[in-house]
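Undergrad: My questions all concern the structure below.
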Amino acid sequence: MLQSLAGSSCVRLVERHRSAWCFGFLVLGYLLYLVFGAVVFSSVELPYEDLLRQELRKLKRRFLEEHECLSEQQLEQFLGRVLEASNYGVSVLSNASGNWNWDFTSALFFASTVLSTTGYGHTVPLSDGGKAFCIIYSVIGIPFTLLFLTAVVQRITVHVTRRPVLYFHIRWGFSKQVVAIVHAVLLGFVTVSCFFFIPAAVFSVLEDDWNFLESFYFCFISLSTIGLGDYVPGEGYNQKFRELYKIGITCYLLLGLIAMLVVLETFCELHELKKFRKMFYVKKDKDEDQVHIIEHDQLSFSSITDQAAGMKEDQKQNEPFVATQSSACVDGPANH
(Lines of atoms letter the chains of each structure in order from A; the text may use other names.)
(Lines give C-alpha, C1' and ligand atoms only; values in the text may rest on other atoms or scores of the structure.)
Protein backbone atom coordinates (compact mmCIF):
# COMPACT_ATOMS: atom_id res chain seq x y z
CA MET A 1 0.00 0.00 0.00
CA LEU A 2 2.75 2.42 0.98
CA GLN A 3 4.75 1.51 -2.11
CA SER A 4 1.78 2.19 -4.38
CA LEU A 5 1.15 5.55 -2.70
CA ALA A 6 4.83 6.48 -3.00
CA GLY A 7 4.87 5.44 -6.64
CA SER A 8 1.75 7.44 -7.46
CA SER A 9 3.12 10.50 -5.66
CA CYS A 10 6.37 10.25 -7.63
CA VAL A 11 4.41 9.98 -10.87
CA ARG A 12 2.36 13.05 -9.96
CA LEU A 13 5.53 14.95 -9.05
CA VAL A 14 7.14 14.10 -12.36
CA GLU A 15 4.02 15.03 -14.33
CA ARG A 16 3.65 18.30 -12.43
CA HIS A 17 7.23 19.36 -13.20
CA ARG A 18 7.54 17.67 -16.57
CA SER A 19 8.58 20.85 -18.37
CA ALA A 20 11.34 21.53 -15.83
CA TRP A 21 12.64 17.97 -16.12
CA CYS A 22 12.67 18.19 -19.92
CA PHE A 23 14.48 21.52 -19.77
CA GLY A 24 17.07 20.07 -17.40
CA PHE A 25 17.71 17.15 -19.74
CA LEU A 26 17.94 19.62 -22.64
CA VAL A 27 20.65 21.65 -20.86
CA LEU A 28 22.52 18.47 -19.90
CA GLY A 29 22.30 17.14 -23.45
CA TYR A 30 23.60 20.42 -24.88
CA LEU A 31 26.58 20.46 -22.51
CA LEU A 32 27.38 16.83 -23.34
CA TYR A 33 27.17 17.68 -27.04
CA LEU A 34 29.68 20.50 -26.52
CA VAL A 35 32.06 18.16 -24.70
CA PHE A 36 31.60 15.51 -27.39
CA GLY A 37 32.51 18.02 -30.11
CA ALA A 38 35.58 19.19 -28.20
CA VAL A 39 36.82 15.61 -27.73
CA VAL A 40 36.34 14.70 -31.39
CA PHE A 41 37.92 17.91 -32.75
CA SER A 42 40.87 17.59 -30.39
CA SER A 43 41.51 13.93 -31.22
CA VAL A 44 41.25 14.52 -34.99
CA GLU A 45 43.06 17.85 -35.38
CA LEU A 46 45.77 17.67 -32.72
CA PRO A 47 48.00 15.18 -34.65
CA TYR A 48 47.85 17.37 -37.78
CA GLU A 49 48.81 20.42 -35.74
CA ASP A 50 51.78 18.57 -34.27
CA LEU A 51 53.00 17.52 -37.74
CA LEU A 52 52.68 21.10 -39.00
CA ARG A 53 54.66 22.44 -36.05
CA GLN A 54 57.46 19.92 -36.66
CA GLU A 55 57.57 20.81 -40.35
CA LEU A 56 57.82 24.53 -39.59
CA ARG A 57 60.65 23.95 -37.11
CA LYS A 58 62.59 21.99 -39.73
CA LEU A 59 62.08 24.71 -42.35
CA LYS A 60 63.16 27.40 -39.92
CA ARG A 61 66.28 25.46 -38.89
CA ARG A 62 67.22 24.77 -42.51
CA PHE A 63 66.74 28.42 -43.49
CA LEU A 64 68.99 29.60 -40.66
CA GLU A 65 71.65 27.06 -41.62
CA GLU A 66 71.63 28.27 -45.23
CA HIS A 67 71.72 31.97 -44.22
CA GLU A 68 74.23 32.24 -41.41
CA CYS A 69 74.33 36.03 -41.64
CA LEU A 70 70.74 36.21 -40.38
CA SER A 71 70.12 35.70 -36.69
CA GLU A 72 67.16 33.80 -35.29
CA GLN A 73 65.85 36.93 -33.56
CA GLN A 74 65.83 38.92 -36.81
CA LEU A 75 64.02 36.11 -38.60
CA GLU A 76 61.38 35.89 -35.87
CA GLN A 77 60.81 39.65 -35.96
CA PHE A 78 60.33 39.51 -39.72
CA LEU A 79 58.00 36.52 -39.55
CA GLY A 80 56.01 38.11 -36.73
CA ARG A 81 55.45 41.25 -38.79
CA VAL A 82 54.47 39.19 -41.84
CA LEU A 83 51.96 37.16 -39.82
CA GLU A 84 50.53 40.31 -38.27
CA ALA A 85 49.99 41.81 -41.72
CA SER A 86 48.49 38.53 -42.93
CA ASN A 87 45.95 38.65 -40.10
CA TYR A 88 44.81 41.99 -41.52
CA GLY A 89 44.48 40.51 -45.00
CA VAL A 90 47.72 41.98 -46.39
CA SER A 91 50.20 39.63 -48.05
CA VAL A 92 53.88 40.30 -48.77
CA LEU A 93 54.00 37.88 -51.69
CA SER A 94 54.88 39.54 -54.98
CA ASN A 95 52.09 37.88 -56.94
CA ALA A 96 49.49 38.99 -54.37
CA SER A 97 50.30 42.72 -54.40
CA GLY A 98 47.64 43.48 -57.02
CA ASN A 99 44.70 42.34 -54.87
CA TRP A 100 43.38 45.20 -52.76
CA ASN A 101 41.27 44.38 -49.72
CA TRP A 102 39.36 47.65 -49.62
CA ASP A 103 38.28 48.36 -53.17
CA PHE A 104 34.53 48.73 -53.65
CA THR A 105 33.70 45.10 -54.38
CA SER A 106 35.83 43.82 -51.49
CA ALA A 107 34.28 46.41 -49.17
CA LEU A 108 30.80 45.35 -50.35
CA PHE A 109 31.66 41.73 -49.59
CA PHE A 110 32.98 42.74 -46.16
CA ALA A 111 29.81 44.74 -45.40
CA SER A 112 27.62 41.75 -46.30
CA THR A 113 29.60 39.45 -44.00
CA VAL A 114 29.32 41.97 -41.16
CA LEU A 115 25.56 42.48 -41.51
CA SER A 116 24.89 38.74 -41.84
CA THR A 117 27.16 38.09 -38.81
CA THR A 118 29.20 35.64 -40.89
CA GLY A 119 32.47 37.51 -40.36
CA TYR A 120 35.21 35.51 -42.06
CA GLY A 121 37.89 37.58 -40.35
CA HIS A 122 40.25 37.58 -43.35
CA THR A 123 39.81 41.34 -43.77
CA VAL A 124 39.43 43.69 -40.83
CA PRO A 125 39.50 47.49 -40.46
CA LEU A 126 43.02 48.84 -40.02
CA SER A 127 42.34 52.41 -38.89
CA ASP A 128 40.67 53.61 -35.70
CA GLY A 129 38.05 55.42 -37.76
CA GLY A 130 37.24 52.22 -39.63
CA LYS A 131 36.88 50.27 -36.38
CA ALA A 132 34.60 52.93 -34.87
CA PHE A 133 32.45 53.06 -38.01
CA CYS A 134 32.26 49.24 -38.05
CA ILE A 135 30.80 49.29 -34.53
CA ILE A 136 28.19 51.94 -35.37
CA TYR A 137 27.42 50.34 -38.73
CA SER A 138 26.89 46.93 -37.10
CA VAL A 139 24.73 48.24 -34.24
CA ILE A 140 22.32 49.75 -36.74
CA GLY A 141 22.78 47.29 -39.59
CA ILE A 142 22.40 43.94 -37.83
CA PRO A 143 18.89 44.67 -36.43
CA PHE A 144 18.02 46.19 -39.81
CA THR A 145 19.20 42.99 -41.49
CA LEU A 146 17.13 40.86 -39.12
CA LEU A 147 14.06 42.97 -39.91
CA PHE A 148 14.74 42.71 -43.64
CA LEU A 149 15.28 38.95 -43.55
CA THR A 150 12.20 38.40 -41.38
CA ALA A 151 9.99 40.35 -43.79
CA VAL A 152 11.42 38.60 -46.86
CA VAL A 153 11.16 35.12 -45.33
CA GLN A 154 7.58 35.75 -44.19
CA ARG A 155 6.50 36.74 -47.69
CA ILE A 156 8.32 33.86 -49.35
CA THR A 157 6.98 31.33 -46.83
CA VAL A 158 3.40 32.28 -47.67
CA HIS A 159 3.88 31.47 -51.37
CA VAL A 160 6.39 28.63 -51.09
CA THR A 161 5.14 26.75 -48.02
CA ARG A 162 1.68 27.61 -46.75
CA ARG A 163 -0.22 27.96 -50.03
CA PRO A 164 1.12 24.74 -51.62
CA VAL A 165 0.34 22.74 -48.48
CA LEU A 166 -3.14 24.23 -48.26
CA TYR A 167 -3.73 23.62 -51.98
CA PHE A 168 -2.91 19.91 -51.81
CA HIS A 169 -4.92 19.59 -48.60
CA ILE A 170 -8.07 21.19 -50.05
CA ARG A 171 -7.79 20.18 -53.70
CA TRP A 172 -6.73 16.55 -53.28
CA GLY A 173 -7.88 15.84 -49.74
CA PHE A 174 -4.49 14.75 -48.41
CA SER A 175 -3.72 15.00 -44.72
CA LYS A 176 -2.33 18.42 -43.91
CA GLN A 177 0.38 17.05 -41.63
CA VAL A 178 1.56 14.50 -44.20
CA VAL A 179 1.62 17.12 -46.96
CA ALA A 180 3.57 19.51 -44.72
CA ILE A 181 6.21 16.85 -43.94
CA VAL A 182 6.63 15.82 -47.59
CA HIS A 183 6.78 19.46 -48.67
CA ALA A 184 9.41 20.30 -46.05
CA VAL A 185 11.60 17.37 -47.11
CA LEU A 186 11.33 18.28 -50.81
CA LEU A 187 12.03 21.95 -50.10
CA GLY A 188 15.08 21.01 -48.05
CA PHE A 189 16.36 18.74 -50.83
CA VAL A 190 15.93 21.45 -53.48
CA THR A 191 17.63 24.05 -51.26
CA VAL A 192 20.60 21.79 -50.50
CA SER A 193 20.97 21.00 -54.20
CA CYS A 194 20.73 24.61 -55.40
CA PHE A 195 22.76 26.30 -52.66
CA PHE A 196 25.22 23.59 -51.58
CA PHE A 197 25.96 20.93 -54.19
CA ILE A 198 25.80 23.08 -57.33
CA PRO A 199 27.75 26.04 -55.84
CA ALA A 200 30.30 23.61 -54.40
CA ALA A 201 30.90 22.20 -57.88
CA VAL A 202 31.25 25.73 -59.27
CA PHE A 203 33.70 26.80 -56.55
CA SER A 204 35.79 23.66 -57.05
CA VAL A 205 36.25 24.72 -60.68
CA LEU A 206 36.81 28.46 -60.11
CA GLU A 207 39.12 28.09 -57.10
CA ASP A 208 42.38 26.40 -58.03
CA ASP A 209 43.23 25.03 -54.59
CA TRP A 210 39.75 23.83 -53.59
CA ASN A 211 38.37 20.35 -54.07
CA PHE A 212 34.66 19.52 -53.86
CA LEU A 213 34.73 18.77 -50.13
CA GLU A 214 36.46 22.06 -49.34
CA SER A 215 33.99 23.94 -51.54
CA PHE A 216 31.02 22.25 -49.88
CA TYR A 217 32.61 23.01 -46.51
CA PHE A 218 32.81 26.71 -47.45
CA CYS A 219 29.15 26.77 -48.54
CA PHE A 220 27.97 25.22 -45.29
CA ILE A 221 30.19 27.37 -43.06
CA SER A 222 29.03 30.51 -44.88
CA LEU A 223 25.28 29.88 -45.11
CA SER A 224 25.15 28.73 -41.50
CA THR A 225 26.82 32.09 -40.60
CA ILE A 226 29.69 30.32 -38.83
CA GLY A 227 32.26 32.01 -41.04
CA LEU A 228 35.56 30.53 -39.86
CA GLY A 229 37.51 32.36 -42.57
CA ASP A 230 39.85 29.51 -43.47
CA TYR A 231 38.33 29.39 -46.96
CA VAL A 232 37.42 32.67 -48.66
CA PRO A 233 36.69 32.75 -52.42
CA GLY A 234 38.10 35.38 -54.71
CA GLU A 235 41.42 35.66 -52.88
CA GLY A 236 43.49 33.77 -55.43
CA TYR A 237 46.63 35.32 -56.83
CA ASN A 238 45.54 35.07 -60.46
CA GLN A 239 41.78 35.40 -59.99
CA LYS A 240 40.07 36.48 -63.21
CA PHE A 241 37.19 38.98 -63.11
CA ARG A 242 37.73 39.38 -59.37
CA GLU A 243 35.33 42.33 -58.97
CA LEU A 244 32.46 40.56 -60.74
CA TYR A 245 33.28 37.37 -58.84
CA LYS A 246 33.05 39.17 -55.49
CA ILE A 247 29.67 40.68 -56.37
CA GLY A 248 28.38 37.25 -57.40
CA ILE A 249 29.56 35.73 -54.11
CA THR A 250 27.83 38.51 -52.17
CA CYS A 251 24.54 37.82 -53.96
CA TYR A 252 24.96 34.07 -53.41
CA LEU A 253 25.49 34.51 -49.67
CA LEU A 254 22.43 36.75 -49.31
CA LEU A 255 20.12 34.52 -51.36
CA GLY A 256 21.47 31.40 -49.69
CA LEU A 257 20.86 32.82 -46.24
CA ILE A 258 17.27 33.66 -47.18
CA ALA A 259 16.75 30.14 -48.56
CA MET A 260 18.14 28.59 -45.38
CA LEU A 261 15.79 30.68 -43.24
CA VAL A 262 12.81 29.71 -45.40
CA VAL A 263 13.64 26.02 -44.93
CA LEU A 264 14.06 26.45 -41.18
CA GLU A 265 10.76 28.31 -40.95
CA THR A 266 9.06 25.55 -42.95
CA PHE A 267 10.34 22.85 -40.60
CA CYS A 268 9.48 24.93 -37.53
CA GLU A 269 5.85 25.10 -38.66
CA LEU A 270 5.50 21.30 -38.64
CA HIS A 271 3.01 20.11 -36.05
CA GLU A 272 5.35 17.44 -34.69
CA LEU A 273 8.18 19.93 -34.10
CA LYS A 274 5.81 22.36 -32.41
CA LYS A 275 4.75 19.64 -29.98
CA PHE A 276 8.38 18.71 -29.38
CA ARG A 277 9.38 22.33 -28.64
CA LYS A 278 6.54 22.76 -26.17
CA MET A 279 8.08 20.05 -24.00
CA PHE A 280 10.87 22.46 -23.03
CA TYR A 281 8.79 25.63 -22.63
CA VAL A 282 7.48 27.02 -19.36
CA LYS A 283 3.77 26.38 -19.00
CA LYS A 284 1.50 29.28 -18.10
CA ASP A 285 -0.02 29.33 -14.65
CA LYS A 286 -3.74 28.72 -14.35
CA ASP A 287 -4.21 31.96 -12.41
CA GLU A 288 -2.55 33.89 -15.21
CA ASP A 289 -4.73 32.18 -17.79
CA GLN A 290 -7.85 33.00 -15.75
CA VAL A 291 -6.81 36.65 -15.51
CA HIS A 292 -6.39 36.79 -19.27
CA ILE A 293 -9.78 35.13 -19.74
CA ILE A 294 -11.47 37.58 -17.33
CA GLU A 295 -9.86 40.56 -19.00
CA HIS A 296 -10.95 39.25 -22.37
CA ASP A 297 -14.51 38.71 -21.11
CA GLN A 298 -14.64 42.20 -19.61
CA LEU A 299 -13.47 43.71 -22.84
CA SER A 300 -16.01 41.68 -24.77
CA PHE A 301 -18.86 42.64 -22.39
CA SER A 302 -17.98 46.31 -22.44
CA SER A 303 -17.74 46.30 -26.21
CA ILE A 304 -21.16 44.60 -26.46
CA THR A 305 -22.78 47.16 -24.14
CA ASP A 306 -21.17 50.02 -26.04
CA GLN A 307 -22.44 48.59 -29.31
CA ALA A 308 -25.96 48.21 -27.87
CA ALA A 309 -25.98 51.79 -26.62
CA GLY A 310 -24.77 53.01 -29.98
CA MET A 311 -27.50 51.06 -31.78
CA LYS A 312 -30.17 52.61 -29.55
CA GLU A 313 -28.90 56.10 -30.27
CA ASP A 314 -28.87 55.37 -33.98
CA GLN A 315 -32.45 54.13 -33.82
CA LYS A 316 -33.55 57.31 -32.04
CA GLN A 317 -31.84 59.45 -34.64
CA ASN A 318 -33.32 57.45 -37.51
CA GLU A 319 -36.92 57.56 -36.14
CA PRO A 320 -37.85 61.26 -35.78
CA PHE A 321 -41.43 60.77 -36.85
CA VAL A 322 -42.19 58.48 -33.95
CA ALA A 323 -40.98 61.02 -31.46
CA THR A 324 -43.07 63.86 -32.98
CA GLN A 325 -46.16 61.68 -33.16
CA SER A 326 -45.94 60.69 -29.51
CA SER A 327 -45.44 64.28 -28.44
CA ALA A 328 -48.45 65.34 -30.50
CA CYS A 329 -50.59 62.71 -28.81
CA VAL A 330 -49.54 63.96 -25.42
CA ASP A 331 -50.08 67.62 -26.21
CA GLY A 332 -53.35 67.10 -28.07
CA PRO A 333 -55.79 66.60 -25.15
CA ALA A 334 -54.19 69.35 -23.20
CA ASN A 335 -54.89 71.83 -25.95
CA HIS A 336 -58.43 70.70 -26.22
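From the backbone N, Cα and C atoms, a Cβ is placed for every residue, glycine too.
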Undergrad: To which of the residue ranges 6-12, 48-54, 153-159, 293-299 does Swiss-Prot assign the term region 'Important for intracellular retention in recycling endosomes'?
TA: 293-299
Undergrad: Is it true that Swiss-Prot lists His17 and Trp102 in the same topological domain, i.e. on one side of the membrane?
TA: no
Undergrad: Say a student had to find the SUMO cross-link annotation in Swiss-Prot: which of Lys60, Lys240, Lys274 would be the correct pick?
TA: Lys274
Undergrad: According to Swiss-Prot, which stretch among 117-122, 285-290, 315-320 corresponds to the feature region 'Selectivity filter 1'?
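TA: Going through 117-122, 285-290, 315-320 one by one, Swiss-Prot flags 117-122 as region 'Selectivity filter 1'.
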Undergrad: For the intramembrane segment entry in Swiss-Prot, name the matching range from 85-91, 92-98, 225-231, 323-329.
TA: 225-231
Undergrad: How do the residues of the topological domain 'Cytoplasmic' (157-181) split into helix, strand and coil according to DSSP?
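TA: Summed by class, the stretch gives 21 helix, 0 strand, 4 coil.
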Undergrad: Which residues of the chain, 6 or more past the ends of the topological domain 'Cytoplasmic' (157-181), have a CB below 8 A from one of its CBs?
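TA: Beyond its ends, the topological domain 'Cytoplasmic' (157-181) has Cβ neighbours at 187, 262, 265-266, 269-272.
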Undergrad: Please list the DSSP helix, strand and coil residue counts for the region 'Selectivity filter 1' (117-122).
TA: 0 helix, 0 strand, 6 coil
